[in-house]
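S.K.: The structure that follows is given in the form of structure tokens.
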Amino acid sequence: MKAVFLLLVCVTVCAVLGVCEGGNLRRNFYEKSCPLAEEIVQNVTWKHTSTNPILPAKFLRMHFHDCFVRGCEGSILLNSIANSKAEKDAIPNLSLTGFDVINDIKAQLETKCPGVVSCADILALATRDSVSFQFQNKKPIWEVLTGRRDGRVSLETEALANLPSPFSNFTTLQRSFVSQGLNIHDLVVLSGGHTIGLGHCNLFSNRLYNFTGKGDQDPSLDPTYAAFLKTKCKNLADTSTVEMDPKSSRNFDADYFVALNQKKGLFQSDAALLTNKGASKIVNELVTSTSFFKEFGQSMKKMGAIGVLTGKLGEIRKKCSVIN
Ligand code: HEM
Ligand SMILES: *[C@@H]1O[C@H](CO)[C@@H](O)[C@H](O)[C@H]1NC(C)=O
Ligand SMILES: *[C@@H]1O[C@H](CO)[C@@H](O)[C@H](O)[C@H]1NC(C)=O
Ligand SMILES: *[C@@H]1O[C@H](CO)[C@@H](O)[C@H](O)[C@H]1NC(C)=O
Ligand SMILES: *[C@@H]1O[C@H](CO)[C@@H](O)[C@H](O)[C@H]1NC(C)=O
């Protein structure tokens, strides 16, 4: 009885303080079963990133989309099957690429340790390694725990239901993150992922041309910046791309938060972070890169542990695009 009570207290404390961020994941899970696993992922990721500088942004977003739908269990990597569209074929998939790189990493791991390393772990590691290679002179920007196993289900409908839209207000964003076990702090910090990469005009041009249906502009967008964006996005139907972090999308830094405060957040979902007092305060704390990096690492660790399958759950896929 006492033991049960203690266990309950531990679980509660752990949940409240968030110290159980890693869940059942561990450091270097493949140490015995495939000692070179993390090195192989890193080598192959670096090789691809060196010739493909957009890969870090692609992987960062792919990892986020994986984790927010059924947890980080590689379901974003699965192809659609007869009569069932997969997550990767849902509308929010817009511009996801890099699946071929994941498949290449997996193929190389299968020659060394067949059936051992999960696709979910590969995505988590490759994301960290590509971002670190490109933006931090190869030094790991955050720690990735391993031991994830792969899921067997991937549904377009679940991607549509669980991925936050760029048109979301703060309430909706908060609800989305809280339902994943993340808090407002994580929401603000992880939105900093938008320090790299591109966004399509049609996902924010309503803010430039027809915000309330009267041909008007979003007043929460800096007018000079809006004028600049109009030169890139000619009309509501334009599907060109622009940097999400203006002039700094090739640096992984805290400029995203500086831009936000200057009313230069690209999406309504970015600007929404300033509409909540608590969130806005966190934005102000993240404008220096040292604090952003530290916080980003911690929130990525939390995100990387969402709904993971460990132990005997799930499977280790042979190919990342199909279940065994
Ligand atoms: C808070 C809710 C979020 C919303 C509504 C959102 C929405 C979006 C949208 C609409 C795009 C542009 C896609 C395109 O036009 O091709 C985008 C890009 C991106 N997002 Fe987010 N995002 C969110 C959170 C995150 C998080 C948590 C991360 C990772 C930590 C992330 C990382 C990225 C990256 C790296 C890109 C650039 C992709 C590229 O260049 O192809 N986002 N996001
Ligand atoms: C990874 O790359 C390094 C540097 O090129 C090389 O020394 C090492 O043997 C590679 N590791 C594996 C497992 O291929
Ligand atoms: C995204 O979904 C669309 C619509 O189902 C599909 O045609 C496209 O190939 C998908 N894109 C990626 C990168 O999977
Ligand atoms: C936020 O968006 C949701 C969904 O579109 C809507 O129901 C809600 O009223 C909005 N909340 C605020 C405060 O605007
Ligand atoms: C702007 O929005 C209104 C209301 O939704 C719509 O009637 C109008 O056609 C839109 N204007 C353009 C240029 O699409």
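Just so it is clear, glycine is given a Cβ too, placed from its N, Cα and C backbone atoms.
Keep in mind that TrEMBL annotations are predicted by a computer and have not been checked by a curator.
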S.K.: So TrEMBL lists Asp245, Asp253 for Ca(2+) 2; which of Thr195, Thr288, Thr290 goes with them?
M.R.: Thr195
S.K.: Which of these links to Cys34 by a disulfide bond in TrEMBL: Cys67, Cys72, Cys113, Cys119?
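M.R.: In TrEMBL, Cys34 forms its disulfide bond with Cys113.
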S.K.: Whose Cβ lies within 8 Å of the mean position of the Cβ atoms of Thr195, Asp245, Asp253, the Ca(2+) 2 site, other than those residues?
M.R.: Gly192, His194, Ile196, Ser248, Ser249, Asn251, Phe252, Ala254, Asp255, Tyr256, Ala259
S.K.: Based on Cβ atoms within 10 Å, give me the single least packed residue among the disulfide-bonded residues Cys67, Cys113, Cys119.
M.R.: Cys113
S.K.: Where the criterion is a Cβ under 6 Å from an atom of ligand 1, which of the recorded positions Arg61, Gly71, Glu87, Cys119, Thr195, Asp253 meet it?
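M.R.: Checked recorded positions vs ligand 1; flagged Arg61.
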S.K.: Cα of Val69 (Ca(2+) 1 binding site) to Cα of Cys34 (disulfide bond): how many Å, rounded?
M.R.: 28
S.K.: Within 10 Å of each Cβ, count the other Cβ atoms, then let me know which of the binding-site residues Asp66, Glu87, Asp245, Asp253 comes out lowest.
M.R.: Asp253
S.K.: Show me the subset of Asp66, Glu87, Cys113, His194, Cys201, Cys320 whose Cα is within 10 Å of Cys72 (disulfide bond); these are the recorded positions I mean.
M.R.: Asp66
